[in-house]
Amino acid sequence: MSHPHSHSIYLSELPVRKPQALGNPLLRKIQRACRMSLAEPDLALNLDIADYINEKQGAAPRDAAIALAKLINNRESHVAIFALSLLDVLVKNCGYPFHLQISRKEFLNELVKRFPGHPPLRYSKIQRLILTAIEEWYQTICKHSSYKNDMGYIRDMHRLLKYKGYAFPKISESDLAVLKPSNQLKTASEIQKEQEIAQAAKLEELIRRGKPEDLREANKLMKIMAGFKEDNAVQAKQAISSELNKLKRKADLLNEMLESPDSQNWDNETTQELHSALKVAQPKFQKIIEEEQEDDALVQDLLKFNDTVNQLLEKFNLLKNGDSNAASQIHPSHVSAPLQQSSGALTNEINLIDFNDLDEAPSQGNNNTNGTGTPAAAETSVNDLLGDLTDLSISNPSTANQASFGLGGDIVLGSSQPAPPVTTTNNSNNTLDLLGLSTPQSPTNSQAVNSSGFDLLMGFNPTTGTTTAPARTLVNQSPNLKIEFEISRESNSVIRIKSFFTNLSSSPISNLVFLLAVPKSMSLKLQPQSSNFMIGNAKDGISQEGTIENAPANPSKALKVKWKVNYSVNSTQAEETAVFTLPNV
């Protein structure tokens, strides 16, 4: 007897949808972790799924959250319980990228989809587990995390359920401690890695959502992630400085307590905690010194602080062993003077923002490659292209397969609608847009608009007719993907570009998003892509048309555009980017 899911996958010429669970390794793992045949939750498999999500990133946290929300509403209670168990593991092990997904309005609406408008006399086990989960999130990531502003909808759902009469269980301190942030000293590289992961997840959600204020925020974030501003490094250094100051205050407090006439002062809970904090942090000192060796002031300060910590640890151990005479000969110096801090232009400019209603769309990856020429020339040309990044709009691919997600329950935070199309107007203060993905424009919105600069994937209404026969030009070719442009001139000021994408690998390419940018003196308008998925070895499997306005026919210098493409192949996120010089047309 054949398995009900053991059918082949047929790719028709109908509009392409996202690959089904059968072809997605993550969704297969989730289905296996929630299967009815399990006697109890499979913790090893659940942790394996968490590791998989942390490794893959990209769309993985989002795909997992959507799949789990649906499984939690399964009519089989065993499946729902296993899904909630897996959800708990992912929340506690996958960090901000997954927290961002559970804070979405649609996810929360789907989570409580089976809750009646008024509380039942007795909660079901599923309802109790869901209320417990929301209470845990409310008491931890909504209050104590560094990105708590992004968790607004969790707070709203907690407040709404309470208003409806639902009672939340009391959560033990030990359970809450797992999700509360730990104030451990980290090196700059560790901090920057965490920042990059969080920023990549935030950027995907900003792009997918497509509201003007979010896209402006995405522009700022893209600028930082692309390395045009060094705020990640600045913030990492400030975080180190802040944690060191806290440790120094702890060191001084421990020193005062060990100097106390009370001979048993070393053995109380506070002293033990201070001793533990210093002992755990000390191995990081050497790593920070290695990474920050060019900062002589920081290195010297750390070396001095390390000597003080060694003295304190030795004094603590002597008192613990009853050798108070030897301990009295050790007098560590006072160390809690604040370190000198650096400051950056955008130190406080980028915060993880409060997301409102979100709608479904694919995500991008966050690996970086650069195809520019010499570093100096590339930096000059790219900075000329980029400048400040402002108004843009976004386009969401078809989401028919998620149409009912987050809808239909008695308790909802509000209707979720796709972001409306956004048009940009010329503004002398705006310099350029990096990263605009457009919502398809309605037929009535036919007025031509000029962007102030650099739009990636701006929606537009097709203009009619071309005056020059298009010639195809190779833009880039990698082992997986070939990109070509057909470039023609419509008028003395308008260039038409049609992009073609060919899959050079035998594996399907999915979640492809192409971003394009032009100098700030010009305006870019792009139609939505023909698709975001193509089968292996598909020639011209995806195409996209667009126009560049305010492009003079005989420019004084060659027109350069910056392009970037994100896609998934073999369950791996890929990104390619470069600056391309258009041939004169």
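Every residue, even glycine, has its Cβ placed from backbone N, Cα and C.
Across the domain 'VHS' (33-169), the model assigns an average pLDDT of 89. The feature domain 'VHS' is assigned by Swiss-Prot to 33-169.
Among the features that Swiss-Prot reports, ubiquitin cross-link is placed at LYS180 (among others), with the record citing a large-scale study or a structure entry.
The domain 'GAT' annotation in Swiss-Prot covers 196-321.
Under DSSP, LYS287 (ubiquitin cross-link) is assigned to a helix (H, G or I) in the three-state scheme. Per Swiss-Prot, ubiquitin cross-link is recorded for LYS287 (among others).
The region 'Disordered' annotation in Swiss-Prot covers 358-378.
Feature annotation from Swiss-Prot assigns compositional bias 'Low complexity' to 365-374.
Annotated domain 'GAE' per Swiss-Prot: 466-581, in sequence order.
Each residue in the domain 'VHS' (33-169) gets a DSSP state, and the totals come to 92 helix, 0 strand, 45 coil. Residue counts of the domain 'GAE' (466-581) by helix, strand and coil are 0 helix, 68 strand, 48 coil (DSSP-based).
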